[in-house]
């Protein structure tokens, strides 16, 4: 039984992690590319952000992470805000 629990934990950890250069990004973070790749926390209210659709094929973002759940990246100001994800 302990072995089954251990296998489940390993699977859960591997699905929530993202390889980012020499680091592995966990939940609540993304891989942001500057001169090198770095794990950064997801952008919060009024932080600068990238849109989820701006991820590279490898899942990395340029400079900033997308917003945390419940927020969206306003493409006019490039900051995380509440409300609809449509630009108006």
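From the backbone N, Cα and C atoms, a Cβ is placed for every residue, glycine too.
Note on 18, 36: Swiss-Prot annotates pyrrolidone carboxylic acid at 18; no matching annotation appears for the rest, which is not proof of its absence. Within 10 Å of the Cα of residue 18 (pyrrolidone carboxylic acid), the following disulfide-bonded residues from the list 25, 30, 39, 49, 65, 80 place their own Cα: 25, 30, 39. With all protein chains in the displayed structure included, the most crowded Cβ environment within 10 Å among the disulfide-bonded residues 25, 39, 49, 67, 80 is that of 49.
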